[in-house]
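Contents: one structure, followed by commentary.
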Amino acid sequence: SVGFKAGVKEYKLTYYTPEYETKDTDILAAFRVTPQPGVPPEEAGAAVXAESSTGTWTTVWTDGLTSLDRYKGRCYHIEPVPGEADQYICYVAYPLDLFEEGSVTNMFTSIVGNVFGFKALRALRLEDLRIPPAYIKTFQGPPHGIQVERDKLNKYGRPLLGCTIKPKLGLSAKNYGRAVYECLRGGLDFTKDDENVNSQPFMRWRDRFLFCAEAIYKAQAETGEIKGHYLNATAGTWEEMIKRAVFARELGVPIVMHDYLTGGFTANTSLAHYCRDNGLLLHIHRAMHAVIDRQKNHGMHFRVLAKALRMSGGDHIHAGTVVGKLEGERDITLGFVDLLRDDFIEKDRSRGIYFTQDWVSLPGVIPVASGGIHVWHMPALTEIFGDDSVLQFGGGTLGHPWGNAPGAVANRVALEACVQARNEGRDLAAEGNAIIREASKWSLELAAACEVWKEIKFEFKAVDTLDPE
């Protein structure tokens with residue numbers, strides 16, 4: 001008939017297309033959908049596809065001015081979640097033309113910007129995204145990547161060691177710099193600003209940068225190793241953030257830091273471009289991630305945030321510990337650690353990976369294990385994360401009974417012992433405690449650390465677990 005048919009029609013008539021064959025250029029999404037009672041899964045899945053692409057609640061005559069078939073998102077497959085009543089995984093394909101090139105901001109605004117408040121859904125979670133190579137090639141990605149970082153630091157064949165300076169708020173710049181020096185001098189590769197250290201009344205950013213640079217150069221001169229401190233450039237405006245990064249570059253330090261979720265993807269991508277152009281490494285903290293990713297049935301899984309960060313740009317990102325005080329189940333954590341580091345990752349539902357992901361030539365990101373870890377965890381961390389990682393001990397360095405430098409010595413000795421044992425073919429998982437005990441005979445600092453933390457464990461069940469097979 002001529003003209004258009006006004007009124008409301010079911011989403012599934014247009015947006016549920018089980019016969020659709022996905023294209024190599026489509027962005028694919030896996031959503032965990034919990035429909036409201038009485039809403040069939042096909043309608044719920046189609047609603048997700050519609051509301052995150054071309055749809056609106058009623059038919060509009062301007063639909064006739066474009067080709068919906070070319071631009072609409074399509075829900076092409078739905079499967080029930082085993083062990084959960086009323087939960088479904090809905091797979092949605094989005095045509096590449098819906099997205100601005102090189103903009104994580106636009107990608108998220110489209111895919112998750114509006115649909116999560118949709119009334120027909122009780123809850124909605126984005127579990128995974130497949131980013132096609134055609135879209136990945138529009139991003140610069142990490143400023144440098146894993147291999148370039150190793151070459152800049154001249155450190156190979158072992159994980160890197162870090163430490164967050166505590167107390168995170170309240171120290172003066174000079175005392176802060178002193179703690180940085182002691183940790184680096186003791187044997188750590190990096191120290192770190194906490195995520196909420198920006199430029200507060202008790203310590204303005206410029207003073208901190210100067211004292212930390214002094215600490216770095218002094219520790220480098222005394223140890224003959226390249227050292228770094230993650231200078232947090234996060235600020236209230238984009239211009240101020242870049243100003244801080246420029247000052248860090250002028251001081252000649254190797255690395256700056258950004259809180260990418262609170263700072264925002266637009267600011268983060270700008271900073272990543274600046275860092276590549278000017279030879280700075282970029283450490284990323286994921287402050288605010290648990291607001292988005294912790295609930296199992298609503299929000300966005302961290303593996304999606306991790307993929308987005310690799311596209312936006314960062315050389316390090318915090319990725320849980322598996323063994324410390326912060327959330328992270330082993331298989332799931334290793335799944336997104338591989339997504340950060342490797343060039344090509346096969347679909348593997350047992351690790352929560354819903355799609356095969358090809359990163360083509362985008363550099364990798366080093367995962368950072370941080371939060372409630374100490375020397376007794378070293379064998380497990382070395383085994384789980386391997387060489388391309390940063391192991392970060394805040395309290396596990398600064399809480400040493402003899403002070404900061406001995407705390408750093410203890411961590412470095414423990415790490416070197418674990419790496420040597422692994423290279424000799426010993427089983428770190430089975431012999432970990434024995435390896436640490438042997439090493440502590442040769443290091444009084446390590447022996448003291450072993451004594452303090454011998455019984456500390458953070459044993460709680462993970463909130464976000466895999467579905468039963």
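Counting starts with 1 at the first residue shown.
Glycine is no exception: its Cβ is also placed from the backbone N, Cα and C atoms.
These come from Swiss-Prot:
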MOD_RES   Lys5  N6,N6,N6-trimethyllysine
BINDING   Asn114, Thr164, Lys168, Arg286, His318, Ser370  substrate binding site
ACT_SITE  Lys166  active site, proton acceptor
MOD_RES   Lys192  N6-carboxylysine
BINDING   Lys192, Asp194, Glu195  Mg(2+) binding site
ACT_SITE  His285  active site, proton acceptor
SITE      Lys325  site 'Transition state stabilizer'
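Put simply, Lys5 (N6,N6,N6-trimethyllysine) is 58 Å from Asp194 (Mg(2+) binding site) when counted between their Cα atoms. In sequence order, Thr191, Lys192, Asp193, Asp194, Ser370, Gln392, Gly394 make up the list of same-chain residues 6 or more apart from Thr164 (substrate binding site) whose Cβ falls under 8 Å from its Cβ. Annotation for Arg286 (substrate binding site): spatial neighbours Asp259, Tyr260, Leu261, Phe302, Leu305, Leu309, Ile317, His318, criterion Cβ-Cβ under 8 Å with sequence separation of six or more. Here the binding-site residues are Asn114, Ser370, and the one with the most other Cβ atoms within 10 Å of its Cβ is Ser370. Shown in sequence order, Thr164, Ile165, Lys168, Asp193, Asn196, Val197, Tyr230, Asn232, Met257, His285 are the same-chain residues outside Lys192, Asp194, Glu195 whose Cβ sits within 8 Å of the Cβ centre of the Mg(2+) site. Annotation note: Asn114 (substrate binding site) sits in a coil segment as assigned by DSSP. Considering only the recorded positions Lys5, Glu195, His285, the residue whose Cα is spatially closest to the Cα of Lys168 (substrate binding site) is Glu195.
Neighbour count (other Cβ atoms within 10 Å of the Cβ, all protein chains): 16 for Lys166 (active site, proton acceptor). A Cα-Cα distance of 16 Å separates Lys166 (active site, proton acceptor) from His285 (active site, proton acceptor). Comparing CA positions across the recorded positions Lys5, Asn114, His285, the one lying closest to Glu195 (Mg(2+) binding site) turns out to be His285. In the three-state DSSP assignment, the secondary structure recorded for His318 (substrate binding site) is strand.
The Cβ of Glu195 (Mg(2+) binding site) has 21 other Cβ atoms within 10 Å, all protein chains considered.
Separating the Cα atoms of the residue listed as 'N6,N6,N6-trimethyllysine' and His285 (active site, proton acceptor) is a whole-number distance of 51 Å. Of the listed recorded positions Lys168, Lys192, His285, His318, the Cβ environment within 10 Å is emptiest of other Cβ atoms at Lys168. Distance from the CA of Asn114 (substrate binding site) to the CA of His285 (active site, proton acceptor) is 26 Å. Look at Ser370 (substrate binding site): DSSP puts it in a strand.
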